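Undergrad: The following block contains the structure, expressed as structure tokens.
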Amino acid sequence: MKQYKDFCRHVLEHGEKKGDRTGTGTISTFGYQMRFNLREGFPMLTTKKLHFKSIAHELLWFLKGDTNVRYLQENGVRIWNEWADENGELGPVYGSQWRSWRGADGETIDQISRLIEDIKTNPNSRRLIVSAWNVGEIDKMALPPCHCLFQFYVSDGKLSCQLYQRSADVFLGVPFNIASYALLTMIIAHVTGLEPGEFIHTFGDVHIYQNHIEQVNLQLERDVRPLPQLRFARKVDSIFNFAFEDFIIEDYDPHPHIKGAVSV
């Protein structure tokens, strides 16, 4: 995708060397935005092959409200293993905040169910927001949320989503995040009777780890190929009833996968 290649170039050209929590070292800059028209194809990177199975199962795991890696491991997804404790627990991470946000009074709030109902009944609302940044529980999380807040917007029968991501690993994380939130937008559009609009990705700290620079430059040398298409295998009435088999990716022809070490 041209947007992603432009993003990589921006960080390489305008970023500065900066230390980080992991000790790896980064080239970092602050503030950026990409936009993807979901009617033009499913925004899954073509300059390297992505593992759609991991993207889809992680999103389904979030939507279940699950915070144990067992479900992911049972489905061949290992992307959270480094942060889990000996029992597979991660603390109150994304799934917990999305589905059972704990307020100061002890009440739990299912933000996803509330969001779906609000989109259906009050599509002009400017409060179609889900937050994973629960300040009172940050210290209990194995990893505080990087993609921490998203908002939906309904216009002319189309559903758009804007994500704010406080911390963005350009090489490993961002390609997954783009595809994940594009998929989330499409499935919410599906269950609310809307068409997909745009996915807008807004960033805080964007960084390329020092041990990913070679891989990023390799991607910049590769040509951008046509985007794949995503369709659903069946009509699904509830967002919580989706299964991996419901997602069909067509015409995905990426360049080969590029490996990169995860900084924990």
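The backbone N, Cα and C atoms fix where each Cβ goes, glycine too.
So Swiss-Prot says this about it:
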- ARG21, ARG126, ARG127, ARG166, SER167, ALA168, ASP169, ASN177, HIS207, ILE208, TYR209: dUMP binding site (BINDING)
- HIS51, ASP169, SER263: (6R)-5,10-methylene-5,6,7,8-tetrahydrofolate binding site (BINDING)
- CYS146: active site, nucleophile (ACT_SITE)
Undergrad: Near SER167 (dUMP binding site), which residues of its chain come within a Cβ-Cβ distance under 8 Å, counting only those 6 or more away in sequence?
TA: CYS146, GLY204, ASP205, HIS207
Undergrad: Please work out which residue of ARG127, HIS207 has the most C-beta neighbours within 10 angstroms of its C-beta, and give that one of the binding-site residues.
TA: HIS207
Undergrad: Measuring Cα to Cα, how many Å separate ARG127 (dUMP binding site) from SER263 ((6R)-5,10-methylene-5,6,7,8-tetrahydrofolate binding site)?
TA: 35
Undergrad: Going by C-alpha positions, which of the binding-site residues (ARG21, ASP169, TYR209) is nearest HIS51 ((6R)-5,10-methylene-5,6,7,8-tetrahydrofolate binding site)?
TA: ASP169
Undergrad: Hey, how far is SER263 ((6R)-5,10-methylene-5,6,7,8-tetrahydrofolate binding site) from TYR209 (dUMP binding site), Cα to Cα, in Å?
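TA: The Cα atom of SER263 ((6R)-5,10-methylene-5,6,7,8-tetrahydrofolate binding site) is 8 Å away from the Cα atom of TYR209 (dUMP binding site).
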Undergrad: Counting across all protein chains shown, how many other Cβ atoms sit within 10 Å of the Cβ of TYR209 (dUMP binding site)?
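TA: TYR209 (dUMP binding site) is surrounded by 23 other Cβ atoms within 10 Å.
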Undergrad: Tell me which of the binding-site residues ARG21, HIS51 sits in the most Cβ-dense spot, judged by other Cβ atoms within 10 Å.
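TA: When each Cβ's neighbours within 10 Å are tallied, HIS51 tops the list.
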Undergrad: Please state whether DSSP places HIS207 (dUMP binding site) in a helix, a strand or coil.
TA: strand
Undergrad: Who sits close to ASP169 (dUMP binding site): which same-chain residues at least 6 apart have their Cβ under 8 Å from its Cβ?
TA: CYS146, HIS207, TYR209, SER263
Undergrad: Mind computing the max CA-CA distance among HIS51, ASP169, SER263, which the record assigns to (6R)-5,10-methylene-5,6,7,8-tetrahydrofolate binding, rounded to whole Å?
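TA: Greatest Cα-Cα span of the listed binding residues: 19 Å.
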